[in-house]
Amino acid sequence: MSEKKINLLDLDRKAMRALFADLGEKPFRADQLMKWIYHFGVSDFEEMTNINKVLRQKLAARCEIVAPEISSYQKSTDGTIKFAIHVGEGQEVETVYIPEDDRATLCVSSQVGCALECTFCSTAQQGFNRNLTVSEIVGQIWRVSHFLGFAKETGERPITNVVMMGMGEPLLNLANVIPAMDIMLDDFGFSLSKRRVTLSTSGVVPALDKLGDALDVALAVSIHAPNDELRDILVPVNKKYPLQEFLAGIRRYIAKSNANRGRVTVEYVMLDHINDSTEQAHELAQLMKDTPCKVNLIPFNPYPGSPYGRSSNSRIDRFSKVLMEYGLTVIVRKTRGDDIDAACGQLAGDIRDRTKRLAKKRMQENQISVTMN
């Protein structure tokens, strides 16, 4: 039985250099190889013309460059593209490309499903199967870049920003997310600015501290409620890491960070008559008074079976005006890709749910139906 080949997309520069040392090669050879992979999108060692033939043969014998494949894609009327990415065992995660005039953002997944149970999120209702590997995370960027077209002559990449806001909670997969983001930031990797790579979290506080010790990227935090009582329902991880503990962790992170320029982005999904009253806006402003931030209000994007509705424009407007009275910077996110279920909270993929969450939900619904009948 032949030995399994090393997928080079799993290796950050430190690991890549260690591999080359094991091959008896100098560190700069690893840098050359990474440039071929991430700047020019090359996966065939024979195309790497500044690497000698003997080394190319060694690499071909021991290594491979394999990104997950695109199973299908849908294009929105606004230009947003949602990709279904095959990650084995019949499972898919979803990745979303969002083009704008001044940037091109890719929303990347970190898990097959999600282990958290946020009640307004479609991904959470699908359950959880496993963490994505480094190659499956960076492979989403690599594969979509291929789809959009690497600039072979200049090395210019078609993606300018990456947000870890797809399927999954990134802080529950730190072992793979940290090296993946290292590759995104590395000059020989995707060469993105730390201000153009954003990680979004629902508040796994110990892992947030570990992230802050490991690297510096922009941080977005999913708050979604102005108090623990409501957040316990909407974002159940709050029962383990309540708001004040989460906010203290956020302040520790931004104290270390240059990428955040001294403040964090607060994400707040607007749920009709659930968390969108003017009283709750005052409460949110008071909650955030000691945590430098800008607030991103996200109109809820319904999905089949969702128990919530989207706040009206007038309620969102009143809510935002209250926050601005406190001197907060407020942005109402423009919904992108909702006609193809690619908007915030709508990603579902195709998941073999190890948590059996959907099955349990259906059983509960059947029990309720029997009781009512």
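Each Cβ is built from the backbone N, Cα and C atoms, and glycine gets one as well.
As recorded in Swiss-Prot:
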| type | residues | note |
| --- | --- | --- |
| ACT_SITE | Glu94 | active site, proton acceptor |
| ACT_SITE | Cys344 | active site, S-methylcysteine intermediate |
| DISULFID | Cys107-Cys344 | disulfide bond |
| DOMAIN | 100-339 | domain 'Radical SAM core' |
Coarse DSSP state, helix versus strand versus coil, of Glu94 (active site, proton acceptor): strand
Averaged pLDDT, computed only over the residues in the domain 'Radical SAM core' (100-339): 93
Cβ neighbour count (within 10 Å, all chains shown) around the residue listed as 'active site, proton acceptor': 25
Rounded distance in angstrom between the Cα atoms of Glu94 (active site, proton acceptor) and Cys107 (disulfide bond): 9
Under 8 Å by Cβ from Cys107 (disulfide bond), counting only residues of that chain that are 6 or more apart: Thr95, Val96, Tyr97, Ile98, Val163, Met165, Gly166
